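Worksheet for the structure shown next.
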Amino acid sequence: MLRYDSTSSSAGSSSGSLSSSSSSSKPPQQDIDGLLAGAGYKVRSSELRQVAQRLERLETAMGNSPADFSQLASDAILYNPSDLACWVDSLLTEFAEPPPTCSSDFIVDPVNNQTVVNSAWTAAEPHTPQVHQNITYDEQQSLDNQLTVVTAMEEDSGIRLVHMLMTCAECVQSGDLSLATSLIDDMQGLLTHVNTVCGIGKVAGHFIDALSRRIFQGMGGGSVNGGSAFENEILYHHFYEACPYLKFAHFTANQAILEAFDGHDCVHVVDFNLMHGLQWPALIQALALRPGGPPLLRLTGIGPPSPDGRDSLREIGLRLAELARSVNVRFAFRGVAASRLEDVKPWMLQVNPKEAVAVNSIMQLHRLLGSEQTRNSPIDTVLSWIRGLNPKIMTVVEQEANHNQPGFLDRFTEALYYYSTMFDSLEACRVQPEKALAEIYIQREIGNVVSCEGSARVERHEPLAKWRRRLSGAGFRALHLGSNAFKQASMLLTLFSAEGYSVEENEGCLRLGWHSSPLIAASAWQAVPAWDNHMSSS
Amino acid sequence: MVQTHRCEDHETVGENKEKRPKFFINDHVDILIEILKRLDGRSLCVAASVCRLWCTIARNDSLWENLCFRHVSPPPSSVRSVVLALGGYKRLYTGCVRPVRSRLGRMRKASWARDEVQLSLSLFCVDYYERLGGSNSNGRVVEKSSPSSLMFLCKPVNV
């Protein structure tokens, strides 16, 4: 396990003498930066910043004298690129770069600074989100130099933060809480050097909080799950507005449900988490306009009971009923208040055998997964009564992540990568306060994944492949979502103000991701008729 | 009224009055409507500020209906009642169809025209629903007075 010392003091003093790195004594093995080593480069952690600055100068030099560069390429003298520090220095001597003085170490061309630093790190660090340096370009020239120092340090600190987070998680897993505690202190100190408004600093901040909560408050999670239902609804609503994940989920599920209801005159939708009912206006409108006229639509919304006498489920039902009345769709609503999904019994839903049933679960099924794989675990009970309803379609949307692994370190690593990607995508949102509240929503999820255990940990995300196995084993077969759903999803994403979202189709399921990292997966299922099915043990 | 003012103007101009036929577009509302029907959204809004007559005509929802479905085959008649119930074609166009079309403009395929309108309709419906919520708050804290679900359409696209 490594302790990283802050080497900011050493940078100024080792003033760019070119022979310094190559003539230094053999570095101790542990000082090699682990992540870069994974990419095949040997760089000492203490030299990270210097190497970065020299790479910048190299790029400037290459840009300024392309003739020299082509000569270099044709000269077949090969340097060992894996020893990155020496390699860069050797190339710099080729360009006859004067060795920089101490002060000029920090005066770097601000225009090139961005691209060089970013590309150097992103090439080697595919899992670290790019730090969005959106402050420097607008600053005045006199401030630029100061800021380039900050950005170089930030990148350095950002990488270190990730290292320390991983190390701390490892400590927590092995039970070494004293080392974990001191690492938390170090990380919080390091956070002051990093821009916590965006990028790695922000995500790291949340993970540090979650880790410290786990260490100091035990695994009940403290106040993470303490949010009232009303608060959760507000946060959910802002998450809906700020990023397209929920909209994608709703529109895709609606399209599948609409297609499944084709030809039926009596339809019944069971929503496992009603919230503000934002999914249903679009379905009501689509049913109103379907050729042949709208069916009789019944909606059963499940949600947590509301305190202080207010019946929030009924209020939402009334709103939806008013909308349905405006567009002439016969509509009936029923609310089922249950604090946990496993408390719901099928008789509460009052399903009529003659109607076509659709079950809609947006990020709810994973809450039923316990840590022990027992028979009659909540997920099995719920899946079996769903099957008993014989739904025409069951739409399942889940986070595409593996956050239910037994090992803490694996879970932590996955979560760090997943939520970094999600925060990255959130950067594109310009609408406040939606963005800030959406972040709190995500922050709560992070807190639950990292700092809770046992029954308190409800965010037990599993990837699509696992859900496929589980649902097939419970007697469901997959329905293909179809090209209409794909087209609609693509159009919807194009409307969002960032060109980073991607939809991909995978064996009939749609996955929405940010820059090809999938974040959320939508699929549709149908119960296999009982006489056709042999139950395989899951 | 602008109309009468114009008449006076012509009268005072004098000599060429007899030779020039008096044609005021405002006398021929049906032709005016035909012309306005062919305008794009922005021009239609500008036209609404010309005079009261034009304003009244431009506010007519059927002109905006024309705009929404200009590039698609005419929709079934049931669409009209739904759209009118949800707030009307002008609102549909300015709130949803136009931003959706301009956003998708870059990667537009001809076959998407109908889907664009359908998507706009769905977003429009969600917007109506949210507006419903604002007015029927019943003591619950109203977070936003303006519909928020379409806010993402109003922000400039960040390429």
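Any Cβ shown, glycine's included, is placed from N, Cα and C.
Taken from TrEMBL, the feature region 'Disordered' covers A:1-34.
Under the heading compositional bias 'Low complexity', TrEMBL lists A:1-25.
The domain 'Transcriptional factor DELLA N-terminal' annotation in TrEMBL covers A:33-99.
Note on the region 'VHIID' (A:236-301): mean pLDDT across this stretch is 93. The feature region 'VHIID' is assigned by TrEMBL to A:236-301.
Packing against the motif 'VHIID' (A:267-271) from elsewhere in the chain are residues 257, 261, 277, 279-280, 283, 287, 295-302, 349, 351-352, 355-360, 389, 391: each is 6 or more residues past its ends and has a CB under 8 Å from a CB in it. Sequence annotations record features per position, and here TrEMBL assigns motif 'VHIID' to A:267-271.
Taken from TrEMBL, the feature region 'Leucine repeat II (LRII)' covers A:315-347. Listed as Cβ neighbours of the region 'Leucine repeat II (LRII)' (A:315-347) (distance under 8 Å, sequence separation of 6 or more from its ends, same chain) are residues 272, 274-277, 280-281, 284-285, 287-288, 294-306, 364, 367-368, 378, 381-382, 385, 388-389.
DSSP labels the residues of the region 'PFYRE' (A:357-448) in these numbers: 50 helix, 13 strand, 29 coil. Residues or ranges marked as region 'PFYRE' in TrEMBL: A:357-448.
What TrEMBL lists as motif 'LXXLL motif' is A:365-369.
Feature annotation from TrEMBL assigns region 'SAW' to A:451-526.
Remark: secondary structure over the region 'VHIID' (A:236-301) totals 32 helix, 12 strand, 22 coil, with classes taken from DSSP.
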